[in-house]
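Q: Below are the structure tokens for one structure; questions will follow.
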Amino acid sequence: MDVHLLVYDLSRGLARQMSLGLLGFQLDAIYHTAIQLNGREYVYDGSIVAIRPGSSHLGQPMQKLHLGTTELPMDVIEEYLDSLREIYTAYDLWRHNCNNFSNDFATFLLGKGIPSHITNMPQTVLDSPFGQMILPTLTQQINANKRGGNILGIEQQTPGSSVKPQSELHRPLSKVHVVSNLGQLDELLGRFEKACAVVFFTSATCPPCKTLYPLYDELAGEIGEKGVLIKVDTSQALDVGSRYSISATPTFITFLKGQQENRWSGADPSALRGNVQLLVQMAWPPHPHQALDLPTFSNPAADYVTFTKIPPLPKLLAKMGATAAHPAVQSIKTFIESRTSDGPAETTLPDLAAFTSLIRSSLTTLPPDLLFTFIDLLRCALIDPRVSGYLAEEQQQPTHHDTITAILTHVTTTLSPTTCPYALRLVTLQLACNLFTTPLYPGQILTHPPLRTALTQLISSSFLDDAHTNTRAAAAALLFNVALANNRKRRAGPGDLLPEAEQVELAASVLEAIVQEDTSAEALEGMLLALGCAEAAAKMQLNATANPANPCIFGSSHLLTPATATPQPINLEKRFRDVVGDINETLIGISLDPRLMPNSAGYLDVAQRSGASCASTPSLRSRDGTVPPHARVDGGGNVRVVVRVRAFLPREIHRDAECLIHMDPVSQQTTLLVPNDHDPANARARSRKVLEEKSFTFDNSFWSHDPEDEHYATQEDVYDSLGEEFLDHNFEGYHTCIFAYGQTGSGKSYTMMGTPDHPGLIPRTCEDLFERIAAAQDETPNISYNVRVSYFEVYNEHVRDLLVPVIPHQPPYYLKIRESPTEGPYVKDLTEVPVRSLREIIRYMRVGDNNRTTASTKMNDTSSRSHAVFTIMLKQIHHDLETDETTERSSRIRLVDLAGSERAKSTEATGQRLREGSNINKSLTTLGRVIAALADPKQQRPRPGTSVVPYRDSILTWLLKDSLGGNSKTAMIACIAPSDYEETLSTLRYADQAKRIRTRAVVNQVDAVSAAERDAQIAAMEAEIRELQLVVGDSRRREKDAREAEERLEEYQARVRGLQLAMAERSLLADGKIRSLQTENDALRLHLKLALESLRNPIPAIPVSEEGVVAVGGGGEGDGDNNNKEAAEDTGAGADDDNDDGYASGGPDQEEEEEQKEDDEEEAAKYERNADDMHEHMSGLLKDLDMFRRKIGDDKTRFVDELSRRKPLGKRSNII
């Protein structure tokens, strides 16, 4: 295929016109490049996009350069692009742009990059003064214009663009083969004669067939190359239908190893999926080691071993001598340093062709003790997947992989084991391990004979190096990489890529190395891991040599038959188990327990294997109570699902209901039969015209319907099959969860709690727990146990603690949910009580049961109106007396009794019961959505934009988050009713979905704590206790001071209250005095006013008439005759005087009158002065009265409000 470089000008001609004046040099364009290959344009703009050439908004390229021709297949190219997606993520216009991508892509395709003036253009602009000046502004504008990580918007704006997610570019596109005649069908069946095939007979006029088309296409993609799925239209391929006697559609026929294996009819998706998966499993049986409980072997996330440590490059180049100055060496050195400091995104590939050519020439020119420097430099470069990808498809003549093959051949063949230096062999092994940094090399290693042979020789010869442990460890790592690649290819199908002869050679060498390895645990671990990924052991029979003295690959004469003392064929599987057992006993400390390796007891008879469980005591899987780090992660497993059918209830017997459930005790298959037309409970099923049976296969099917049946499953049978095993896991350190699911009245509470005569899972688990603890304390007294329990319910989407007493006539107290980054969701302030015996735990359980919300409905007399969760926390503390170390292992047993789903029409619930049922159905619906989301295969391959699992849509699913899809081993008990078709079908479908949920449990163990560390912890705890005691002492002192202050305050308040009473009395007296003073003041004012008026207006002199009568008011003649006579006498007596005025006057009398007048005037003046003094005095008195009134008023306002109401006593007041 031709490879072209498409060159665009982002400036559209402005750079050519203005660059010389602005930059000081001529710049022809702002280059944007892409690679055109196989009719597609591959461009990088924040992500790698494939579009039609020239179809972006940039228009047509200004230049199209032919770079060369590549012979690489497109699947290899797309696989390489997939590996680049980890590097090309965020777009950087200056250092990580489309030109860097085009250069790396061209180097991989052709061994040479694009023109250097294009890749160096950004740096050239930045080195100019104008470039430095505009850099901040331009960078800001670029960041503002980014859309979803890209700049040019090619992904969003270009029609026909495609962006494939990682790991999907190179996925084989399997499809359904449509045949139209018998010849095409025979050809396909012949091609897959050694595998399997499924033929789907359909017709264009078959509606049920069309519903299976999407599933059939999906199954074709799932099985890949392991088989073929064929579709035949019987209306067109009449000869095919005639041969296989097809009378109805849809009909399916499966073929296994060229022979017809199964045939069935009907549009049942579950049956189709199950039969196809079973067929593929029969055609490609799983590896025997997958049946063993060895998490490291079955870990799907296991990665290849690589050596990424970078040595000091100046010292490494100094050992090269003069060759270190070669430009190719310097470019590799610069590449490694830049990648280490700036990351792969900021580093472009060097001239790899020149460097590999230099290495090939150095193999014959440099001495062996200096050659390792070039190999080590290449090892450091191979850390980058672009370099390893280039070497994987290196185009050199006459063969591919010339550089790597030449290096391996030189080390293994040209140099003998005695002349090959240790450093050269070690770095060669590490270099070979780093080949696996690209997804291209594993397939090439397994399929390219020269490279594969060289690697096999390198591994086998390195195992013989007894003097250097690092060499054997590196060889074990390389063997593990090869075995892991072959194992993954075997699982993907069809079969191994590594030939059986070379597998035997590698297995023989590693077995001999395992027997002889007694110094390096790291090397031994790698050997065992590699052996665990080998081909099925039953097919690899290795024969020892004829010399009895030669231990060959088995190492010791105890493997020989005692009678003949001659070597016998040894089964590799048995040899593997023996070796694992020896290693576990001597190195790792794990005893070979049947529960650890179930198939290791294969030589026992069936009776022994099916006998009583050995789980009567805690299964610690370790003599010292610890689990090694590599065994703490479970390989992952599906949720275990069992189904249980209850007996008829009285109402079902009364209506003569029919049992619709059939269970096969052998295959554990549960079948839902077609309901009859007479049962009124199944009217909805009749309206839907159910015509066929529904079959489901679960881990266990418990028939608890007819006690007279020989297969009747009792409460004890359920616990022995499920609860006992999960309790084993708890003692091993795993979290477990068992929850019962089903409609109301289906027997969930009976299964979980039971009755006093027939206890359920929860009480049996508690009883077995304390029995095991009692037995274990006698056997292993150095292990102590701590058990705590909690019990809560989820009622109407609220969490209530069932161990807290209910207070009558008060609303319940609901707890809040919180989520920890390490422990997951938990209930805040939930009561966790320690228990020491079965009696205590039963007592708390009864307390919780009595507090649980239940009610009577039409469907169930004691219907649970809430979801109850009973949790047992188990902590095991192991103290090793020999090493004085302590190890803690904690686990959680979560037993969930779900409330049953119910229909309002069936229960006839109203009011509070209706609201409870609505919330129950809501949480169970959310649980179903969570199960459906977790069971979706797409959840195993998360992609951007994938919706999250809706845990938080319900309190129940939020609390069960870890149990459903996290760190827990989980089991679901689907409880079904024997006569309700619709509800039973819904429950079985949910249970069938739950089977596909995978959890990944880990051992919750705290590593061993030494005596010194424990003493340090104790000292820290003692210091913390002292600090807490000081805090408590201070708190007590503060509490005492507070009490004393409170007493003083009460005393002061009492005094204030007394003062307030006194002030109130004084206020009343003051009010009376004020009123009296006001009255007196008014009287004084009146008297003063009269006095002033009398002084200021004196009484005038009385005038006397001529007759000597005083004229007073014109009195009458007849009035007062006596007075008149006396007056006349007085007047007559003075008639003799010389007064002619007619007034009574005389000499001395007149003087007296004048004196009297003067005296009167003096007295009047005196009165005026006295009046003025009185006026002044009264004015001062009035002022004093006003001042006193204001003062009394101020005092009154302190104790009386605006409405003249007395203020309450006890408050502080300012008393003057």
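Placement of Cβ uses the backbone N, Cα and C atoms for every residue, glycine included.
Just so you know, TrEMBL annotations never went through curation; they're auto-generated.
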Q: Pick from 23-74, 335-386, 1011-1062: which stretch is listed in TrEMBL under coiled coil?
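A: Among 23-74, 335-386, 1011-1062, the range TrEMBL annotates as coiled coil is 1011-1062.
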Q: Under the DSSP assignment, what numbers of helix, strand and coil residues are found in the compositional bias 'Basic and acidic residues' (1164-1178)?
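A: Residue counts in helix, strand and coil order: 15 helix, 0 strand, 0 coil.
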Q: Return the count of C-beta atoms lying within 10 angstroms of the C-beta of Gly745 (ATP binding site), excluding that atom itself.
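A: Cβ-Cβ neighbours of Gly745 (ATP binding site) within 10 Å number 26.
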Q: Looking only at Gln743, Ser746, the binding-site residues on record, which one has the least crowded Cβ, with the fewest other Cβ atoms within 10 Å?
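A: Fewest other Cβ atoms within 10 Å, among the binding-site residues Gln743, Ser746, is found for Gln743.
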Q: Please classify the secondary structure at Lys748 (ATP binding site) using three-state DSSP.
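A: Once the DSSP labels are grouped into three classes, Lys748 (ATP binding site) ends up as helix.
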Q: For Gly747 (ATP binding site), list the number of other Cβ atoms lying within 10 Å of its Cβ atom.
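A: For Gly747 (ATP binding site), the count of other Cβ atoms within 10 Å is 22.
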